[in-house]
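I have placed the structure first, in the form of structure tokens, so that the comments after it can refer back to it.
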């Protein structure tokens, strides 16, 4: 049995009020279509097809590495016409699973069960019984309970609007008769569109069995038509992500106030406070604590690390036992060594900080290599930029740098050196000694402060 998948992604999404095509609207940090495409790929079918229309170039550009085939719906004439656009690619397939680019929560397990339960020669459709069916197509059954067709909401008669069994959209269709069914569809309906759902009546007329598949969890089939629905799906998606991590041992103070926009993996006994954001690929080792308001992006965090509130870590590695923040910013290319401390209002960029070193207050450490056991005093700046190029600062082991020092790169500071507070260092500092660069202190006795002129 050869199965293809067609993802319908041609809609403009006018109710989104956005220049971005609807299927590119982000969910969990990725376009909605990316979630659908990943699920389709997990099913390992013969071939995946994507039908685009509005903003088709932008949609294709967002997925340069996909192996899916692209098809263009030239005019927005409805879902039936959209599927017709992909018919040439279905040659050789026995059946086709139709998915939607704006229904991103479906799981591969659910779709695999749908495919397995639908008989080979049947038309399969997905249904659910809900208390509020407004806006959904209704499932029409005969006196024997057999599915006769689907009536879109805007075309329902008064008695049909009371039906609570709804069509969720996903279908399995036999390929051999499909072209004829689609060719016979018309746009004589309330929306003036060619409905894919009308193939159900066509299949019945040709003697095909219509096989309804009821989803155990109808939230998987939630779609997006406007920003309100997108926000609802975002919360559902985040709850799903966090629930899975909690079941693996992650402790979260308030799951409703933590967002994952990428992939988060955790060791044992990790703790996450409210309003934390994880972006990209983030790994937490064992016993990591993440304080309120922190942002972690594409970061690897070692065991026993404490990240204090409102710290931002991006593209960095944090060694075991380190302490970050509060209000610290760790920028890309940074490696923080074991048991190192980066404190409040310290910014570190493209720097390597050795084990046990500390920069606890109000410093900028950029393009630097700092050894082990170094103390960086408050207000220390590595002056790495000359207006045209970046230069590196090299600091050895067991160095003490006094407060309010400027290290003008390129510069090397030897092991065990001490830099006096308030120094501007422009030359190499030898190991072991005390280096100062200050104007001599002097006092002007009986000095008078300036006074304002009287008017």
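Each residue, glycine too, has its Cβ placed from N, Cα and C.
Lifted from Swiss-Prot, the feature list:
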type: REGION; residues: 1-227; note: region 'Pyrophosphorylase'
type: BINDING; residues: 8-11, 22, 73, 78-79, 100-102, 137, 152, 167, 225, 331, 349, 364, 375; note: UDP-N-acetyl-alpha-D-glucosamine binding site
type: BINDING; residues: 102, 225; note: Mg(2+) binding site
type: REGION; residues: 228-248; note: region 'Linker'
type: REGION; residues: 249-455; note: region 'N-acetyltransferase'
type: ACT_SITE; residues: 361; note: active site, proton acceptor
type: BINDING; residues: 378, 384, 385, 403, 421, 438; note: acetyl-CoA binding site
type: REGION; residues: 420-455; note: region 'Disordered'
The region 'Linker' (228-248) - residue tally per DSSP class, helix then strand then coil: 20 helix, 0 strand, 1 coil
Averaged pLDDT, computed only over the residues in the region 'Pyrophosphorylase' (1-227): 91
Residues 378, 384, 385, 403, 421, 438 [recorded acetyl-CoA binders]: greatest CA to CA distance in Å: 23
Integer Cα-Cα distance in angstrom, residue 102 (Mg(2+) binding site) to residue 8 (UDP-N-acetyl-alpha-D-glucosamine binding site): 9
Residue 11 (UDP-N-acetyl-alpha-D-glucosamine binding site) versus binding-site residues 385, 403, 438 - nearest by Cα: 385
Cα-Cα distance linking residue 152 (UDP-N-acetyl-alpha-D-glucosamine binding site) and residue 421 (acetyl-CoA binding site), given in Å to the nearest integer: 76
8, 378, 421 as binding-site residues, winner by CB count within 10 A: 8
Cβ neighbour count within 10 Å of residue 78 (UDP-N-acetyl-alpha-D-glucosamine binding site): 23
Collapsed DSSP category at residue 375 (UDP-N-acetyl-alpha-D-glucosamine binding site): strand
Helix-strand-coil residue split for the region 'Disordered' (420-455), DSSP-based: 0 helix, 5 strand, 31 coil
Nearest-integer angstrom distance between the alpha carbons (Cα) of residue 403 (acetyl-CoA binding site) and residue 101 (UDP-N-acetyl-alpha-D-glucosamine binding site): 56
Top Cα neighbour of residue 101 (UDP-N-acetyl-alpha-D-glucosamine binding site) in the set of recorded positions 225, 361, 378, 385, 438: 225
